Every structure is written in structure tokens, then in C-alpha cells.
Amino acid sequence: MSYLGVGLSPVNVAGTKMKLMDRKVRLTELILRCSVCALALVAAILIATDTQVKEIFTIQKKAKYTDMKALVFLVVVNGIAAAYSLLHMVRCVVGMMKGSVLFSKPLAWAIFSGDQAIAYLTVAGVAAAAQSAAFAKLGEPELQWMKICTIYGKFCNQVGEGIATALLASIGMVLISSISAFALFRLYGGNKAQQGSRW
């Protein structure tokens, strides 16, 4: 028994461990959301500001991200992911300040669904942009598509940096969606444990 007259019991210890784990999960989620917001914003800026002008036979041709629809999609998706992460960063900070650690099931479902949608969008954006970048770098001789990166080297390098940054943001979103899945299905796990203990 402690000096306050409150004895230690398995329930008290389990509750303390659960609160500590909840705090760590929330902090991890906040750090990941901050990282995704920053990385997605950097990726969108890198690609959207990328241009290069080359003179080919006295004709100036300007390469810009809007020339490849996959890059436009990647910029839009990263902008959405950055805004979504910023919104949830605020939710995480408010939740940590209030000290509320448990969600209602509808809110947990909404967060889980949103995180899944953004994770899928970011992965799709990176995949589409990587495929287009591979065509630009390697060309496609069967279709007589030439290698663009031999002409626009700086443009291709900056696009590559943007795609790599977007890949890191999409990995972060996949990790966040795993955390939201854990938070959602944990709400259902408690009921099963209580029902099982009745037997």
C-alpha cells in the first residue's frame, strides 16, 4: 500500500501503462504529421517551381512541370497532404493540451478514412510521377520517345529531388494511417476483452 492509502493493483498499473503508451503514440503521430506536412510542402514547391529553358536550333523551349500531367497530379496531391496534415497537427496539439486520449468511434472512423485516402493518394502520385520520370530519363525506343533528361538535366534533377521528397511524405502518411488504424481498432478491442472476461 502506498502512503496515500491507494494500493497498487493490476488495474492501476495497466491504466498507467496505457496512458503512457497513449502519450507516446500521440507524440509520434504529431511528429509524423509535422514531417509529412513539411515534406509534402517541400515536394510541391520543388516541382512547381522547376523550369528550364533550352535553345534547340534557335528555338527556345521551356520545360515546366505542367508539361507532364503526372507531375501536376503529384503537386496537387502533395498540397492536399500538406493541408490535411496541418489540420490534423492542430487536432493533435489540442487533444494533447486537453488531455483527452480516447476518441469516439465516429471520429476515429473519420480520421482513419481520411488518413487512408491521403496515404493512397500520395502513393499513387509518387508512382505516377516516378513512371513518367523513368520515361523522361530512359526514353522509350519502341515508341520513339527520346530521352528528355539529356536535354533538360537541371529540370530532371529537381524533379527527382521532388519525387524523392514526396516518397518520404507518402511513407510518413502510410505510417500515420497505421497509427490511426491502431487507434480505431483499439476502441473495439476493449469491448471484446470485457466480453471475454464474463465467461
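Cβ coordinates are placed from backbone N, Cα and C, and glycine is handled just like the others.
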Message: Based on the record in Swiss-Prot, is it correct that Lys62 and Arg186 are on the same side of the membrane?
response: no
Message: Looking only at the topological domain 'Extracellular' (48-69), what is the model's average confidence as pLDDT?
response: 81
Statement: For the transmembrane segment (107-127), out of 27-47, 70-90, 165-185, most C-beta pairs under 8 A are with 165-185
Message: Do any residues, 6 or more residues outside the topological domain 'Extracellular' (128-164), come within under 8 Å Cβ-to-Cβ of it, and if so which ones?
response: 43-44, 46-47, 50-52, 54, 56, 63, 65, 68, 70-71, 73-74
